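Enquirer: Input: one structure, supplied below.
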Amino acid sequence: MGKGASLSDGVMKKILLSYAYVGIWIFLSFTVIVYNKYILDRKMYNWPFPISLTMIHMLFCSSLAFLLVRVFKLVEPVSMSRDLYVSSVLPIGALYSLSLWFSNSAYIYLSVSFIQMLKALMPVAVYSIGILFKKESFKTESMANMLSISLGVAIAAYGEARFDSWGVILQLGAVAFEATRLVLIQILLTSKGITLNPITSLYYVAPCCLGFLFVPWLLVEFPVLKQSSSFHFDYMIFGTNSICAFALNLAVFLLVGKTSALTMNVAGVVKDWLLIAFSWSVIKDTVTPVNLIGYGLAFLGVAYYNHSKLQALKAKEAQKKAAQIDEEAGKLLEEREGEGMGKKSDSQA
């Protein structure tokens, strides 16, 4: 009775902690998206400099990551040669900087709700690029699912009241760069046995992003900022915004480490619906019935994609367990045969 109670208490505690991690991640992700929109939108804080904002985030995050890894030694650095850094981390850093630049730029032109609808294309992009790099195998069922997600997003775009072609191009570009980055992480790092948590990832990747963004910032935004003599750097606004961005990375580490990447994907769907509701009710963005029908179709496609991934993970785990049982049974049989041979030789002697 006591054992059953303690077991159920342990399971309940684990479930509650999982929900807490999900809640923290949703809150921080929600906050960063709305905060970035507030800073960049011309009708709100009116500071339309996405490269500068991304560079502030990267400078803050790389500084804190350096302190955690090198000064306080709270996180172990990864053993990495210069050749590996140049061949693997630099391409990932370049793609990450482009993804952040383009996605932040989209907030100037598009509503928060419509951006979340466009982000539903991420599984389509990851699957397509995975096939291109031979990390995924072509399956008719998977492709049909990807087409249903794409159709849903296309319907949502058709019903968008504030449709802006340039904003859509920027957001689709951000999705493509991010999907390519995720696939390259598998090819360039994971396949070599290197795993980076969000802190070590920022430690290695954030300085690259700063370097890659410096040239476009110098050409595109610096001349405008130089002429804008009325602007004064607001440490409260940009400081709290950067803290939220860094905290989001920690939340990702907690969520994936304590639950799974799949849990984060499912939580991401919940977050997107909350953002759409917030965008409509608080920011007063127009969300049309056609928007909702389109995104609803895309949502079903993404839900099926997550379900398929979960089933594949379960099958993989079952195969691992079966292999372990077979291995243990084989060892036990060998031990018994060895013991039998030993007894036989003793009796003959």
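Glycine residues also receive a Cβ, built from the backbone N, Cα and C atoms like all the rest.
According to TrEMBL, the protein has these features:
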- 20-306: domain 'Sugar phosphate transporter' (DOMAIN)
- 16-35: transmembrane segment (TRANSMEM)
- 47-72: transmembrane segment (TRANSMEM)
- 84-102: transmembrane segment (TRANSMEM)
- 108-130: transmembrane segment (TRANSMEM)
- 165-189: transmembrane segment (TRANSMEM)
- 201-220: transmembrane segment (TRANSMEM)
- 235-255: transmembrane segment (TRANSMEM)
- 262-283: transmembrane segment (TRANSMEM)
- 289-306: transmembrane segment (TRANSMEM)
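Structural setting of the listed features?
Expert: With a cut-off of 8 Å between Cβ atoms, the residues of this chain six or more beyond the transmembrane segment (108-130) that come close are 33-34, 37, 40-42, 48, 50, 136, 142, 146, 149-150, 152-153, 156-157, 160, 162-164, 166-168, 170-172, 175-176, 178-180, 182-183, 272, 275-276, 278-280, 283, 285-287, 291, 294-295, 298-299, 301-302, 305.
Residues 87-88, 91-92, 95-96, 98-100, 102-103, 105-106, 108-110, 115, 118-119, 121-122, 125-126, 128-130, 133, 135, 157, 195-196 of the same chain lie 6+ residues outside the transmembrane segment (165-189) yet bring a C-beta within less than 8 angstroms of a C-beta in it.
Within the chain, the transmembrane segment (235-255) has long-range Cβ neighbours (under 8 A, six or more residues past its boundaries) at 21-22, 24-25, 28-29, 31-32, 35-36, 39, 45, 53, 56-57, 60-61, 64, 197-199, 201-202, 263-264, 267.
Residues 18, 22, 25-26, 29-30, 33-34, 37, 111-113, 116-117, 119-120, 252, 255-256, 295, 299, 302-303, 306, 309-310, 313 of the same chain lie 6+ residues outside the transmembrane segment (262-283) yet bring a C-beta within less than 8 angstroms of a C-beta in it.
Distant neighbours of the transmembrane segment (289-306): 113-114, 116-117, 120-121, 123, 145-146, 148-149, 151-161, 262, 265-266, 269, 272-273, 276; these residues of the same chain sit at least 6 beyond its ends, with a Cβ under 8 Å from one of its Cβ atoms.
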Enquirer: Against which stretches of its own chain does the transmembrane segment (84-102) lie, if we need a Cβ under 8 Å and a gap of at least six residues from its ends?
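Expert: Counting only partners 6 or more residues beyond its ends, the transmembrane segment (84-102) has Cβ contacts under 8 Å with 50-51, 54, 57-58, 170-171, 173-174, 177-178, 180-181, 184-185, 188-189, 192, 194, 204-205, 207-209, 211-213, 216.
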Enquirer: So if I exclude everything within five residues of the ends of the transmembrane segment (201-220), which remaining residues of that chain have a CB under 8 angstroms from its CBs? That is, six or more out.
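Expert: Sequence-distant neighbours of the transmembrane segment (201-220): 51-52, 54-55, 58-59, 61-62, 64-66, 68-69, 75, 77-78, 80, 85, 89-90, 92-94, 96-98, 100-101, 246, 249.
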